[in-house]
C-alpha cells in the first residue's frame with residue numbers, strides 16, 4: 001500500500017470554475033476510495049497595483065474574500081452532490097492569502113496528493129491556473145493529478161488504469177501508485193512501455209526485434225514484485241514502437257486514469273518535468289497523475 005501524508009489527505013485547489021468543480025468531483029471519489037479526508041483549498045492571490053492603494057482597495061479585498069467563501073461553499077456542495085449528503089467523508093476547508101502556486105506546492109508536503117483542474121480562475125483562467133498547474137507538476141511533493149473537465153471515461157468504472165513505464169526511477173515510483181489505484185478501483189492495469197522516441201530512423205546497433213525484447217524484459221523486471229504485492233490486479237503488458245507521448249495519449253482514451261513519473265530516462269535528481277509527462281498532462285482528456293518524489 002502506498003504510504004502517504006495525512007494532514008490534508010486529498011488536497012484540491014478550488015476556484016468556482018467548471019474545471020474546478022470537475023477536479024472536486026474526481027477528488028471526492030478518490031478520497032472515498034482511499035478512505036481519506038479531502039481538503040478544499042482556495043488561495044487568494046495578492047493584489048498587485050502600480051499606483052498607491054486608495055480607499056477602493058478595501059472593497060477589492062472584501063470582494064476577494066467573498067469570492068473565496070463562495071468557492072469553498074460551491075466545492076462543498078459538489079462533494080455532497082457527488083457522494084451524497086451522508087457520505088461520511090471528512091471535508092476540510094481552508095482559505096489562504098498568498099501566492100497560489102507557492103501555497104499549493106508547500107501544502108503538497110502534507111497531502112496524499114494534490115488535484116487541480118486544467119484551468120480556471122475566471123476569464124484569465126488559462127493563464128493563471130495553467131501556470132499554477134505547471135508549477136505544481138514541476139515542484140510539488142508527491143502525486144499531482146490534473147483533471148481535464150468532466151471526461152466521461154474518468155467515471156467509467158470498467159476502464160483500466162494506464163501506466164507509462166520507461167525504466168527510470170521516476171517510473172518505478174509511479175508503478176507503485178498505479179497498482180494501488182487499480183487495486184482500489186478493482187480494475188485492470190495496462191502497463192505500457194514505448195521503446196523509441198526518435199522517430200522512424202533505423203537505429204545503429206540493436207535491431208527492432210532486439211529492442212522490443214529488451215522492452216519486454218524491462219516490463220517483466222519492473223512489474224514482477226508489484227504483481228506479487230497486488231495479486232488482485234490483472235496486468236496487460238504492452239510494448240510499442242512509437243513516440244511515447246503520442247502513444248500514451250492514444251491509450252489514455254480507453255483508460256480512467258493515466259499514471260506517469262515526473263521525468264524519464266536520463267533524468268537527474270531534481271530535474272524538471274519530463275517532456276513526455278508534460279505533454280500527456282497537458283493534452284490528455286483523461287485525468288493524469290504525475291508522480292513526483294517526496
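A Cβ is built for glycine as well, from the same backbone N, Cα and C atoms used for every other residue.
In the shown protein chains, 14 other C-beta atoms lie within 10 A of the C-beta of residue 131 (ATP 1 binding site). Following the DSSP three-state reduction, the secondary structure of residue 131 (ATP 1 binding site) is helix. Taken from Swiss-Prot, the feature ATP 1 binding site applies to 13, 117, 118, 119, 120, 121, 122, 123, 131, 132.
The ATP 2 binding site annotation in Swiss-Prot covers 164, 197, 261, 262, 263, 264, 265, 266, 267, 275, 276, 277. In the three-state DSSP reading, residue 261 (ATP 2 binding site) counts as strand.
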Fewest other Cβ atoms within 10 Å: which of the binding-site residues 13, 261, 276 wins that one? Let me know. 276
Within 10 A of the CB of residue 118 (ATP 1 binding site), the number of other CB atoms across every chain shown is 23
Measuring CB to CB from residue 164 (ATP 2 binding site), give everything in the same chain under 8 Å that is also at least six residues away in sequence. 171, 174, 192, 193, 194, 244, 248, 258, 259, 260, 261, 276, 280
For residue 118 (ATP 1 binding site), the three-state class that DSSP assigns: coil
